[in-house]
Amino acid sequence: MVAAWVLRDFAKPLLEKIPWIVRDAAHFEFDDKWFGQQAVYRLFFGVMSLVMLGVKYRGDKRDKYLHHGNPLLKLVLWLLFTTLPFFFPNPVVDAYAHVARVGSGIFLVIQMVILLDFVQMWNETWVGYAEEEPSWYWALLAVTGAAYAGALTLTGLMFYWFKPMAAGSCSFNVTLITLALLVVVLMTAVSLHPAAKSGSIFPSAVIGLYCTYLCFSALQSEPKDYVCNGLAKQITAASGSTLALGMLATLSSVVYAAFRAGSNTSLFTLEGSEDGGDLEIGEQHTALLSEAGLTATSAGLDGAPVAAPTSSGAKADTTDFTPVSYNYAFFHLIFALASMYIAMLMTGWGSSMQDMDRIDIGWSSVWVKTGSLWVTSLLYVWTLLAPALFPDRSFS
C-alpha cells in the first residue's frame, strides 16, 4: 500500500526510462497521472493464492516453507513479483485494471459481510453477558444511543458542509443525505417489526451509523473544485495531517478487512464444505498409521518432539495430518482482492481527476460508495427478513 502510494506520486522519472512502457503509449498524450496509474496497476499479488491451492494439512511443505516459514525466501519472492510486472506490456496492465474494478467490487461486498457478521456477533455476545449480569443492558443501550446520536450529528454536519449557502440547491447532495437518513429509519423500523424475529435495535444503530459514514465518505470524494463540496475548501493541501489521518484510516480498514476475511474461511463457505471434512480425513490417516504400528506427529512444527518408530526397522511417517485452521489459498486471494481495491483507491477508480497527496477522489468513487451504502443496507434488511421469508432454511 505504501509502495503504491509512493509510486503513484513519484514513479514518472522511473517509468520514462522503461522503453516498452513509453513506446506503447507513444500514440496518445500522457501526463503525470497516467504514469502514476501505470505504476499502481503494476503492483498486484495473486500468485501465492495459486501456489497455496490444495493445502489441507500442516504437514504440507508449502505450509512449512512458504506460508509460515522462511521469511527471507518470502522477501525474495515479494521483490521478484513486485519487479516482474514492470516488464509487462501496457495492454496487459490495462486489462488488469478492468479486472481490478471487478475484484474491488467483490472486496467491498466482503467488507460488508464482515461488518454485518461482526455487529451481530457483538450483539449476541453482550446479550449473553447481560443474561448473567443485567448491567450489560445499560452498555447496549449506551452504545445504541451513541450510534444514533452519531448518525444524526453527522447528518447535520453533512448538510452544513455539502450544501453551502452560496452554492445553490445542491440537489444531488441533499437527496443523498436525506436518503441515507431514511435508510437508518427504515432499518430501525424493520428490526422492530414482529416479522424480524432476530431483529435488534443495537445492530440497526451501528449499521445505520456506518451507512451514514458511507454517505459522508461519498460526498467527501466529490472533486475539490465542485461547488457543493464545501468541506474540500476547508481541507486544503496545506492540511497535511488531516489528509494523512484520512488515508491512514482508509488503509487500516482495508488491512483489517483483509485479515478478518482471509482467516475466517467458514464465513464464506457453503454448509457442508467447511474444514470439518478435512478433520475426518486427518483422523482416518492417523488411524491407518496406528494400524501400521506408526504414529502421526507434527514433525516438530507445534513444538512437540517427533515420535520414534514403534517397531524395529520401520520408519515412522512424520507427516502432520492436522488440518489447517483456515484456507490458505482463500487467505491470499483476499489480499489479492485488497491490492485491487487499493489500486482503485489510489487511482480514483481509473479517473483522471485523482490528485497527488489525495486518495479516493472523483465521481467514480462517489458512485462506488453510494452503491456500497445501498448494498450494505439491503444486506442487513435481508438478514432480518430472510428467516421469515424462508422458514424452512437455516440462517444460523
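Backbone N, Cα and C atoms are what each Cβ position is placed from, and that goes for glycine too.
The shown structure was predicted, so the numbers you read here are calculated from the model rather than taken from an experiment.
Here TrEMBL flags 39-55 (among others) as transmembrane segment. Sequence-remote contacts of a segment are chain residues at least 6 beyond its ends whose Cβ falls under 8 Å from one of its Cβ atoms, and for the transmembrane segment (39-55) they are 3-4, 7-8, 11, 14-15, 62-63, 66-67, 81-82, 85-86, 88, 93-94, 96-97, 100, 324, 328-333, 335-336, 339-340, 343, 346-347.
TrEMBL lists 75-93 (among others) with the feature transmembrane segment.
As annotated by TrEMBL, transmembrane segment applies to 105-123 (among others). Here the transmembrane segment (105-123) has Cβ contacts under 8 Å with residues 140, 200, 202-203, 206-207, 210, 253, 257, 260-261, 264, 267-268, 334, 337-338, 340-341, 368, 372, 375-376, 379-380, 383 of the same chain, all six or more residues outside its ends.
As annotated by TrEMBL, transmembrane segment applies to 135-162 (among others).
Among the features that TrEMBL reports, transmembrane segment is placed at 174-195 (among others). Beyond its flanks by at least six residues, the transmembrane segment (174-195) meets 148, 151, 155, 158-159, 162-163, 201, 203-205, 207-208, 211-212, 214-215, 218-219, 370, 373-374, 377, 380-381, 384-385, 388 of its own chain at Cβ-Cβ distances under 8 Å.
Note on the transmembrane segment (201-219): residues 115-116, 119-120, 122-123, 126, 140, 143-145, 147-148, 150-151, 154-155, 157-158, 161-162, 173, 176-177, 180-181, 183-184, 187-188, 190-192, 229, 231, 365-367, 369-370, 372-373, 376-377, 380 of its chain, located 6 or more positions outside it, place their CB under 8 angstroms from a CB of the stretch. What TrEMBL records for 201-219 (among others) is transmembrane segment.
What TrEMBL lists as transmembrane segment is 240-259 (among others).
Residues or ranges marked as transmembrane segment in TrEMBL: 329-350 (among others).
Annotation source TrEMBL lists transmembrane segment at 371-390 (among others).
Cβ atoms under 8 Å from those of the transmembrane segment (371-390) belong to residues 108-109, 112-113, 115-116, 120, 180, 183, 186-187, 190-191, 195-199, 203-204, 207, 210-211, 214-215, 218 of the same chain, restricted to positions at least 6 beyond its ends. Outside the transmembrane segment (135-162), and at least 6 residues removed from its termini, the chain residues within Cβ reach (under 8 Å) are 123, 126-127, 129, 170, 173-174, 177, 180-181, 184, 201-202, 205-206, 208-209, 212-213, 215-216, 219, 222, 228-231, 234.
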